[in-house]
């Protein structure tokens with residue numbers, strides 16, 4: 001069986017098994033979920049090892065007819081960009097399950113429902129990155145909203161129902177705009193060589209479109225992805241959703257689901273509509289820069305620790321979008337690596353924040369203080385995660401942020417220069433909560449907080465390890481990403497600007 | 001002057017005749033069988049005649065004939081598909097109708113009278129609903145295969161008159177039920193008058209009442225176009241009334257709310273198939289060549305219908321009224337399949353009709369289960385917390401709502417995709433955009449119900465989910481399974497429809 005299909009089937013099988021276990025046996029359900037996600041992660045790593053980075057064609061390809069009369073196939077395959085994101089998703093899943101061992105309790109429904117939803121979601125997360133048929137992609141793109149919706153609304157805290165609805169409505173609206181564009185593409189493909197959803201064939205269609213058509217179809221896709229990513233001004237659902245969801249769900253939401261937006265921009269916006277992408281680049285860069293700066297300011301002003309992380313993500317997604325639309329190979333590689341790194345640094349932040357919150361019973365930053373003395377390991381973990389988020393050299397995010405800025409500067413120096421201020425602001429929005437929560441006098445009520453237990457240490461260790469290791473040695477990932485991103489640009493005729501000699505030549 | 005004996009193709013007419021025969025047997029049972037044995041014998045006769053009719057229909061599926069009844073009936077693949085859908089929906093509806101809890105004890109008794117009290121005490125049951133159903137089904141079977149205007153009118157009346165009566169049979173809130181029946185009847189009579197008026201104009205235009213004769217005149221172009229336009233307009237009023245398109249929708253919410261829920265389900269699902277079947281035939285076969293004259297008006301009606309239905313549904317507090325407005329919105333979507341005037345439009349419409357009919361029936365079946373001591377509870381506020389009390393019922397209802405909203409992996413998505421792409425393929429961009437936007441609006445109120453069921457705390461006011469009878473369970477199980485299967489693997493049905501869906505001219 002195809003490696004990707006196997007990876008997608010495993011969580012589904014796991015969820016069926018869990019469905020049989022009686023819901024009272026919570027521990028067994030958790031163990032089954034963890035083992036399933038671990039197996040998926042192992043098969044993900046094996047696939048990663050087998051992936052041939054020199055080959056820019058799609059790999060692990062499988063295709064079967066699904067709805068032949070519409071030209072719809074079940075078609076999967078990965079290039080260097082997709083495999084990196086799949087690897088990130090499958091690595092995060094067991095960590096999330098282990099880290100949030102108890103977060104499924106106290107929800108509206110039994111923990112069984114929680115874990116079934118998580119596993120179904122994992123299948124869709126892999127599928128959405130692996131799909132090489134636009135229709136299949138759309139099915140995963142839309143269907144994965146439903147488990148997330150129930151995860152937020154059923155197991156979150158605070159205004160969880162409202163946040164879940166806001167998330168779903170925003171996403172559905174974007175999804176429907178995209179559906180209109182997909183129908184447009186489908187009809188155009190029918191008029192030019194037969195109905196198809198195969199992305200390789202769709203990427204040749206742009207030559208048949210008028211520029212108006214191409215712009216409109218591009219906007220349908222881009223708005224959907226910009227809501228998902230999220231790009232200012234379509235970001236307002238994210239802080240609510242992230243604050244209401246359980247930490248584990250938030251990790252999957254920000255770490256994986258939002259990446260579908262940025263991944264989609266590369267896979268669909270750039271590949272299918274190269275001319276429209278160029279047309280809209282200035283606008284998108286402006287939005288990205290606003291996201292970077294605005295997200296950072298919101299983060300500086302945040303009082304709630306989960307909201308703070310959500311705002312930092314808006315800023316980071318600004319960097320990713322900017323890197324993508326700079327249309328240089330460094331920008332593209334940097335953006336992809338950024339997606340991977342952001343997954344792990346956000347995971348670290350959210351998971352540690354989740355532990356802090358569950359121990360203290362509050363998510364307000366001001367309620368913490370002096371954690372460095374009381375719970376040194378937890379404090380250090382948060383510190384490292386924070387440093388990764390502000391892209392400290394030596395940690396993984398630095399490499400990607402640097403690449404994005406360099407890649408952008410070669411073509412759009414103004415945007416890159418303004419975006420660089422985002423780094424300065426990042427230092428503020430990370431160091432302020434670090435100082436407030438970890439240092440200073442111990443806030444009354446924090447004296448008896450317990451430090452991380454063994455399970456939590458095991459969960460956070462691989463995240464920190466990846467952050468540090470990739471900071472020093474990003475080549476394993478970049479070796480896969482670089483050929484792929486160069487290929488993406490080359491196929492649609494984007495070229496890197498020729499490096500100019502320094503001024504005064 | 002010589003008379004020719006009429007030649008009838010009995011094998012093609014068999015399904016209609018069998019259903020009519022069953023209805024007559026039902027009338028005899030009402031007249032002669034002892035009261036105690038009526039219900040079981042009526043149920044048996046009804047289901048048996050519908051099943052035999054379906055079998056008889058399957059035997060003639062490959063026949064094509066324009067002269068099945070002296071040119072008044074033309075049978076073809078599309079007619080077969082529509083008739084089969086009607087019969088399948090009718091069988092499932094009868095299972096709901098068999099749950100007699102919802103029907104008045106004695107329809108002839110004045111509400112609140114001594115007679116009514118007696119009938120309730122004696123625990124009488126209306127069994128005349130079975131032959132009425134069969135009469136309506138016979139009319140519905142004839143409606144989409146009629147090929148002259150007089151037969152079309154007869155079929156229209158034959159399906160409408162029993163429905164007027166059935167709408168007034170509710171056990172609780174009888175005055176409201178009778179009011180809805182009267183309203184339906186009066187407005188229906190108006191629309192029939194319009195319809196007849198249209199027939200007169202078309203006869204004046206073409207000196208013919210057959211579809212082929214009128215079509216020949218339109219192609220010839222010798223007649224007075226004013227008569228043609230008036231004729232098309234008035235006939236459309238009569239037909240659009242039946243499907244509840246704006247501005248001929250006013251009866252829909254009241255009748256849906258007042259009628260016994262099982263009847264509402266039958267009416268919403270089967271009538272829609274029959275009426276859209278007739279609309280498809282008359283527009284595709286007869287009016288297609290005059291499309292420049294009616295298309296703009298019909299596009300406008302379709303757009304208004306979609307938007308109006310979706311917007312007004314938002315403010316509904318009663319689940320049956322909400323489903324009524326949702327059915328109005330869906331009528332708008334279906335009209336885009338009529339306007340497409342293409343083979344793919346016809347296929348998409350038939351798929352959509354079947355999928356929507358099944359889901360609608362299922363949704364109303366679930367509504368019959370939510371009751372308190374005074375009968376069904378249709379106030380949405382009292383549905384809150386249903387997911388807690390009865391997760392399975394709430395999940396099934398949520399599935400139907402997601403299908404209405406057109407979320408992937410449900411039948412509604414495939415239907416929506418195929419019908420919008422057909423509309424866009426034939427150049428109706430405005431329909432695509434309006435359809436997508438009103439889908440986004442519609443998603444809002446479907447999701448609101450899901451929120452209510454799953455994320456709100458339950459109210460303790462005696463609302464409970466009754467244990468469904470075996471027949472109701474069958475209907476719910478089949479409808480939900482079909483909704484899901486058609487969402488995941490629709491290819492067999494789509495291929496089946498594609499093989500058959502043609503109109504004989």
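Every residue gets a Cβ built from N, Cα and C, even glycine.
The following features are taken from TrEMBL:
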- B:146-441: domain 'NADH:quinone oxidoreductase/Mrp antiporter transmembrane' (DOMAIN)
- B:12-31: transmembrane segment (TRANSMEM)
- B:43-60: transmembrane segment (TRANSMEM)
- B:80-98: transmembrane segment (TRANSMEM)
- B:181-206: transmembrane segment (TRANSMEM)
- B:226-251: transmembrane segment (TRANSMEM)
- B:263-284: transmembrane segment (TRANSMEM)
- B:296-315: transmembrane segment (TRANSMEM)
- B:322-342: transmembrane segment (TRANSMEM)
- B:348-370: transmembrane segment (TRANSMEM)
- B:391-411: transmembrane segment (TRANSMEM)
- B:431-455: transmembrane segment (TRANSMEM)
- B:467-489: transmembrane segment (TRANSMEM)
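If one looks beyond the transmembrane segment (B:80-98) by at least 6 residues along the same chain, the residues whose Cβ comes under 8 Å of a Cβ in the stretch are 15, 39, 43, 46-47, 50-51, 53-54, 57-58, 60-61, 129-130, 133, 137, 140-141, 144-145, 261-263, 265-266, 269-270, 273-274, 277, 350, 353-354, 357-358, 361, 364-365, 368, 469, 471-472, 474-475, 478-479, 497, 500-501. Sequence-distant contacts of the transmembrane segment (B:226-251), counting only residues of its own chain at least 6 positions beyond either end whose CB sits under 8 Å from a CB of the stretch, comprise 149, 156, 160, 183-184, 187-188, 191-192, 194-195, 197-202, 204-206, 217-218, 271-272, 275-276, 278-279, 282, 287, 290, 293-294, 297-298, 301-302, 304-305, 308-309, 324, 327-328, 331-332, 334-335. Between the transmembrane segment (B:348-370) and the transmembrane segment (B:296-315) there are fewer than 3 Cβ pairs closer than 8 Å, counting only pairs 6 or more residues apart in sequence, which means the two stretches are not in contact.
For the transmembrane segment (B:322-342), the residues of the chain that approach it from at least six positions outside its boundaries are 243-246, 249, 252-253, 255-257, 268, 272, 276, 279-280, 283-284, 288, 291, 295, 298-299, 301-310, 312-313, 316, 348-349, 352-353, 356, 360, 363-364, 367, 380, 404, 416, 419-420, 422-423, 425-426, 428, 431-432, 435, 438, 442, 445-446, 449, judged by C-beta separation under 8 angstroms.
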